[in-house]
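Colleague: Before we start, here is the structure in question, set down as structure tokens.
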Amino acid sequence: MNTPTETVRSSAPQEMFKVVKSAIGSAAKSQAARLGKLVLPGRAAIDTPAFLAVTSRGTVPHVTQDNITKHTALCGSLMALEDFVERKEPPIYKAPHSPTGSLRAFTATPDSLITVLAARRIPQVPAPLGNTEKHVKIFTSTGFADEKAVDYPAHIAALQPDIAVPLADLSQSGTNVPASTKRARRMAYRTESWLDTFLEKLDEQTAREKKIAVFAPVLTLPLEMQWEYIQRLTETAPRLNGLAVYDAQILTDLEAEQYAVLQDLPKMALDTPKTPHDVLKLISLGADVVTAAFVNATSDAGVCLTFAFPTADTPTTTNLLPIGTDMWDPSNRTNVSPLMQNCTCYACTRHHRAFIHHLLQAKEMLGWALLQIHNLHIFSEFLGAVRASLAAGQFEQRKALFTQLYDSVLPHGTGARPRARGYHFKSETDQDKINVPAWEPLNPERPRSRERKEESETSA
């Protein structure tokens, strides 16, 4: 668990991250996990590996800002510019000036959390039209819009996040779909050009005065497709405070001697892990900060997390243990045990499974709030135990034991997820709506448009 320590102010990029205990091996052998400390100007030091909560419109789903401070151990949140700029004149740019930054004031983010701002969400919604040399397509709550490369640095300077991720030309086909050779080269060229524009317009003095750390993006491409861009990163390393890696697998290639200047920079993995097993793989590749979008999805599904990173005295079992439990299951109706035995979170110490099951059945938003508090606590404790194992030099052994103990698949919630907003602007052909319609026509075989046409003909 990250506990607030002294607030340390740093002025030079090299002072922002310190490797406390180096990796025992290489990323190629999945032995690049390391223990570190990330210190951002004006913020409490963060022990790494750590995780960022993925936000929706600037807030952690289901949990209010005061409860984040009271009942979670979050150290940071990942936000997307596209969540705030759906209007022609976005209100966030007109927010009153605050010493801690307009983004923090606008979203009421607690001072104990660092703010990370990128142009797009994680994972991003694919756009029907690609990016151009001058802008990136972003998906707002009112449809797709353009974020110009020349305007993005000014927007970052106005919002003052603790960490800014410059624009990246990512594939619109999804991270699992390889880009063509021509497209890949164009992605690397554009990203390099946008990074140069970003560093030119957000000069070093402005970034230092506004306490903005710059984490340069690394694309989801093989090294041979973006080696010129990576070489450019080595040249601009003195201006960079870290790397935002969209595919952590490339960290195996960045261990080469010619990229040694990038080794001491903190690596923020912007992959989308779906299970704690995936998170351990990212850490083994050398990721210092990870995202945890699957925690939000798990809470939405009505599933509570039930895993823990093993310690030296953890007993072994013959059967795989579940990493989550479906709270919609009828067996929880009269179960007055906590969500997880020996869990010290607010939900487990104050309530029980039967109460959470009742809240979900009644569609009470408190049910999802308690699940989110529990799941965030479980994942925070998980990474705390990972850091302890790294300090003891036993990470690889305990990671192997975790794989033996726990199932690698999260259960699917059998109930209805909370209603979502903004789904009616489709991003794919024939995409289904997320929300189940609250009302249905009495005669489903008779289309509503046909009824209106017959009514108009009758009235005429």
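Along the chain as shown, residues are numbered 1 onward.
Cβ atoms are placed via backbone N, Cα and C, with glycine included.
Remember, TrEMBL labels are computer predictions, not curated facts.
Quick paste from TrEMBL:
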type	residues	note
DOMAIN	32-406	domain 'tRNA-guanine(15) transglycosylase-like'
BINDING	Cys343, Cys345, Cys348, His374	Zn(2+) binding site
REGION	417-460	region 'Disordered'
COMPBIAS	443-460	compositional bias 'Basic and acidic residues'
Colleague: Which are the residues of the chain, Cys343, Cys345, Cys348, His374 excluded, whose CB is within 8 A of where the CB atoms of the Zn(2+) site average out, their centroid?
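Modeller: Along the chain, the qualifying residues are Cys304, Pro338, Leu339, Met340, Thr344, Tyr346, Ala347, Thr349, Ile373, His377, Ile378.
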Colleague: Take the Cβ of Cys348 (Zn(2+) binding site) and count every other Cβ within 10 Å, whichever protein chain it belongs to.
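Modeller: Looking across every protein chain shown, the total is 23.
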Colleague: Taking the Cβ of His374 (Zn(2+) binding site) as centre, how many other Cβ atoms lie within 10 Å?
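Modeller: For His374 (Zn(2+) binding site), the 10 Å Cβ neighbour count is 27.
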Colleague: Could you check what DSSP calls Cys348 (Zn(2+) binding site) once collapsed to helix, strand or coil?
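Modeller: DSSP call for Cys348 (Zn(2+) binding site): helix.
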Colleague: Least buried of the binding-site residues Cys343, Cys345, going by other Cβ atoms within 10 Å?
Modeller: Cys343
Colleague: Using DSSP with the three-state reduction, classify His374 (Zn(2+) binding site) as helix, strand or coil.
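Modeller: Helix, per DSSP.
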Colleague: Can you give me the average pLDDT across the domain 'tRNA-guanine(15) transglycosylase-like' (32-406), rounded to a whole number?
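Modeller: Summing pLDDT over the domain 'tRNA-guanine(15) transglycosylase-like' (32-406) and dividing by its length gives 93.
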Colleague: Please classify the secondary structure at Cys343 (Zn(2+) binding site) using three-state DSSP.
Modeller: coil
